[in-house]
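Undergrad: I have a structure I would like to understand better, so I am pasting it below and will then ask my questions one at a time.
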Amino acid sequence: MAHDHKVLDALDAAKTQWYHFTAVVIAGMGFFTDAYDLFSISLVTKLLGRIYYFDPSSKTPGSLPPNVSAAVNGVAFCGTLTGQLFFGWLGDKMGRKKVYGMTLMLMVICCLASGLSFGSSPKGVMATLCFFRFWLGFGIGGDYPLSATIMSEYANKRTRGAFIAAVFAMQGFGNLTGGIVAIVVSAAFKARFDAPAYKDDPAGSTVPQADYAWRVVLMFGAIPALLTYYWRMKMPETARYTALVAKNAKKATADMARVLNVELADEQRKAEEEEELERRAREEYGLFSREFARRHGLHLLGTTVCWFMLDIAFYSQNLFQKDIYAAVNWLPKAETMNALEEMFRISRAQTLVALCGTIPGYWFTVFFIDIVGRFAIQLGGFFFMTAFMLGLAVPYHHWTTPGNHAGFVVMYAFTFFFANFGPNSTTFIVPAEIFPARLRSTCHGISSAAGKSGAIVGSFGFLYAAQSTDPTKTDAGYPPGIGMRNSLFMLAGCNVVGFLFTFLVPESKGKSLEELSGENDEEEATPEPSHSNHQTVPTNLSE
């Protein structure tokens with residue numbers, strides 16, 4: 001018996017068609033919004049410091065105190081982590097589609113609310129901002145397991161990797177759009193409300209209207225989410241959920257016949273006997289059972305550790321790009337600019353990195369993943385990230401001397417390129433493919449939450465670690481750290497661990513989801529067990 005479900009075979013063999021692309025856009029716009037919301041905050045943190053923590057007696061512009069900066073930057077991640085676990089579990093309980101609309105509405109509301117953050121004191125404004133960013137993160141968290149699962153369950157087995165990668169690649173455009181919106185807003189405000197540099201007039205360098213600039217940037221994120229809400233509600237539930245979890249083969253067939261052009265004509269007749277088969281072959285091992293541990297325990301360990309290690313490296317760099325630019329003198333000293341000009345320059349630098357390093361990496365993955373396979377891309381990505389980080393760290397003093405900054409930025413962009421043409425994409429794709437349908441969204445949620453905990457370690461840890469070892473050179477309010485160079489060595493170490501744990505994860509290229517998760521042969525005694533096991537859980541080495 002190859003399958004309980006002809007409809008799933010039909011899906012696996014379906015030609016790539018228009019509906020697949022629509023699904024990529026619908027799921028991808030969620031990711032576009034996620035990236036926009038998560039990274040737009042780093043474009044405006046310096047501005048928030050100038051507006052709310054201005055100290056007339058200081059030679060340097062106001063900046064967020066360490067605890068506030070950590071809260072504003074990191075609170076969305078804490079929300080994301082809880083959202084991934086909660087909505088991942090809910091997606092397996094209630095179905096992908098029902099939960100999909102909830103997460104989007106939550107994102108729209110919290111996006112608008114975080115831009116309307118109010119308070120009579122700086123503390124008040126920051127507290128409201130953090131509150132709404134937490135719930136914004138909670139909604140974003142739901143998008144990870146749901147988007148990945150929906151896309152993997154809709155796709156055919158030949159191009160599945162590319163489609164899931166394309167959903168994830170929309171993050172790159174979200175990043176880019178964040179930068180562009182911030183450039184446009186800051187340039188428009190700067191043109192309308194000109195102000196002297198901080199060193200010439202500390203109080204006058206931040207115009208009162210600047211308080212609107214960061215709000216506009218944050219609220220803009222609600223627009224793409226709102227636009228996709230209608231389409232998300234029109235999507236049918238995935239056939240795999242309906243057939244394998246809700247146990248309704250008839251409905252699965254009808255849903256897919258409606259949106260996908262697949263041959264299912266004689267399907268209705270078979271639906272009843274399919275359901276009978278399904279009931280008989282129902283396998284009910286749960287997440288915490290021995291059976292799950294035996295079949296998928298090492299896989300889950302592999303996907304969680306790889307994502308955890310990757311995100312430590314990825315987010316510590318991403319959030320503190322602006323500090324790195326300053327360290328290599330790519331941005332002028334803060335006191336030589338007014339508030340809006342600083343925002344403009346930070347946004348421009350980040351947009352350049354997104355354009356040159358981030359976006360190409362994502363799309364390389366989309367084009368090559370179904371050719372090269374997940375395993376090779378992830379292994380190669382970790383390897384090159386390690387190499388380039390060591391390339392930044394070992395001659396660090398060379399890079400920071402004037403005249404060598406271009407080289408630093410090129411190396412830095414390469415680490416980003418290989419993160420995205422590498423583990424940043426594959427860690428998202430693989431958990432959506434290798435677990436059984438009824439636990440797929442939950443396991444993806446667990447893996448992505450491990451990633452977010454890495455992001456929290458990366459962003460908070462790096463904030464403190466990267467401080468200079470010399471107490472006179474640290475940022476205001478921070479204790480001395482281990483310095484930028486040693487931090488880069490530590491990040492390279494994280495990549496090495498990720499490289500090693502990649503060996504626990506099976507290659508999923510070109511196989512059907514049921515074959516990968518072992519749902520095909522769960523209840524049958526096959527004549528040649530050794531062969532069938534090899535089919536279900538391939539080792540990486542055989543690939």
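Cβ coordinates are placed from backbone N, Cα and C, and glycine is handled just like the others.
According to TrEMBL, the protein has these features:
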type: COMPBIAS; residues: 516-526; note: compositional bias 'Acidic residues'
type: COMPBIAS; residues: 529-543; note: compositional bias 'Polar residues'
type: DOMAIN; residues: 23-510; note: domain 'Major facilitator superfamily (MFS) profile'
type: REGION; residues: 512-543; note: region 'Disordered'
type: TRANSMEM; residues: 21-48; note: transmembrane segment
type: TRANSMEM; residues: 68-87; note: transmembrane segment
type: TRANSMEM; residues: 99-118; note: transmembrane segment
type: TRANSMEM; residues: 162-189; note: transmembrane segment
type: TRANSMEM; residues: 212-231; note: transmembrane segment
type: TRANSMEM; residues: 297-315; note: transmembrane segment
type: TRANSMEM; residues: 352-372; note: transmembrane segment
type: TRANSMEM; residues: 379-399; note: transmembrane segment
type: TRANSMEM; residues: 405-422; note: transmembrane segment
type: TRANSMEM; residues: 443-466; note: transmembrane segment
type: TRANSMEM; residues: 486-505; note: transmembrane segment
Undergrad: So, do the transmembrane segment (162-189) and the transmembrane segment (99-118) meet, by the test of 3 or more Cβ pairs under 8 Å (sequence gap 6 or more)?
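TA: These two segments do not touch.
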Undergrad: Grab the same-chain neighbours of the transmembrane segment (21-48) for me: Cβ-Cβ under 8 Å, and only residues 6 or more beyond its ends, written as numbers and ranges.
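TA: 61, 63-64, 69, 72-73, 76-77, 80, 103-104, 107, 111, 126, 133, 136-137, 140, 143-144, 147, 150-151, 154, 163, 166-175, 177-179, 181-182, 210, 213-214, 217-218, 220-221, 224-225, 227-228, 231-232, 235, 318-322, 334, 339-340, 342-343, 346-347, 350.
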Undergrad: With the transmembrane segment (99-118) as the reference, find which of 212-231, 352-372, 486-505 contributes the most Cβ pairs under 8 Å.
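TA: Looking at each of 212-231, 352-372, 486-505 in turn, the most contacts to the transmembrane segment (99-118) are made by 212-231.
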Undergrad: Counting only pairs 6 or more apart in sequence, are there at least 3 Cβ pairs under 8 Å between the transmembrane segment (352-372) and the transmembrane segment (443-466)?
TA: no
Undergrad: Among 297-315, 405-422, 443-466, point out the range having the most Cβ pairs under 8 angstroms from the transmembrane segment (486-505).
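TA: When the Cβ pairs under 8 Å are tallied, 297-315 comes out ahead.
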Undergrad: Going through 297-315, 379-399, 443-466 one by one, which has the most CB pairs that fall under 8 Å from the transmembrane segment (68-87)?
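TA: When the Cβ pairs under 8 Å are tallied, 443-466 comes out ahead.
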Undergrad: Under 8 Å between C-beta atoms and at least six residues away from its ends: which parts of the chain pack against the transmembrane segment (443-466)?
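TA: Distant Cβ neighbours of the transmembrane segment (443-466) are 66, 69-70, 73-74, 77-78, 80-82, 84-89, 91, 141, 144-145, 148-149, 287, 296, 300, 303-305, 307-317, 319-320, 323, 427-428, 431-432, 435, 478-479, 481-484, 486-487, 490-491.
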